[in-house]
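Annotated features, as they stand in Swiss-Prot:
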| type | residues | note |
| --- | --- | --- |
| REGION | 63-87 | region 'Disordered' |
| COMPBIAS | 73-85 | compositional bias 'Basic residues' |
| BINDING | C134, C137, C153, C157 | Zn(2+) 1 binding site |
| ZN_FING | 134-166 | zinc finger |
| BINDING | C145, C148, H161, C166 | Zn(2+) 2 binding site |
Amino acid sequence: MEEEMSNRRVSNRTRKVATKMAAALTSNDNRTQAAIARLEALENDNGAIEVIDLNDDEEASLDEDDDLGYLQKKQHKGSKRKTRQAKALEARKAPKSFLELLQEANLESLPSHVPTYLKAAVGPPSSSSRRYFCSVCGYIAGYNCCLCGMRFCSIRCQNIHKDTRCQKFVA
């Protein structure tokens, strides 16, 4: 890997960015909007969790001591049996987002002494400086992108960031 990087030719030509583009990239509003958009995309990706029905396997739920278990599993006349299609539709139901779960929890109805997600206390601010992490690998980052402001830790992560993650065209 090191040999590939040393054999690579490096350009001395500087990049010219349009003044409007540079102004848009340096504004904190655009950077916060891009960060919020990335967080929403992550939340949407995490929302597609597959639900597994534990009561799906009837044979696994039978007692091993009961030899006549398969005879006692007859359907009652009043109950409806779920079809495969109904089970598949139930499994495909869209999972709820975090905000929807918070609204359903009805946290306002709880007594005031009960700690909730919204009432959780934050400790005093740290006396040490803030730590920044690499947007590619998660290690401690010492550098940041001059175009979009995201952080990276090494040349390898910088190259990956430039190829795939740089938000220079968001504005």
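Every residue, even glycine, has its Cβ placed from backbone N, Cα and C.
Shown on the structure are the features that Swiss-Prot records.
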residue	record	DSSP class
C134	Zn(2+) 1 binding site	coil
C145	Zn(2+) 2 binding site	coil
C153	Zn(2+) 1 binding site	coil
H161	Zn(2+) 2 binding site	helix
C166	Zn(2+) 2 binding site	coil
Using a 10 Å cut-off on Cβ-Cβ distances across all protein chains shown, tell me which of the binding-site residues (C153, C166) has the largest neighbour count.
C153
Suppose you look only at the zinc finger (134-166); what would the mean pLDDT be?
90
Provide the number of Cβ atoms within 10 Å of the Cβ of H161 (Zn(2+) 2 binding site), excluding the reference atom itself.
22
Judged by the number of other CB atoms within 10 angstroms, which among C134, C137, C145, C148, C157 is the least packed of the binding-site residues?
C137
Applying the rule Cβ within 8 Å of the centroid of the Cβ atoms of C134, C137, C153, C157, what extra residues of the same chain belong around the Zn(2+) 1 site?
F133, S135, V136, G138, Y139, A141, R151, F152, S154, R156
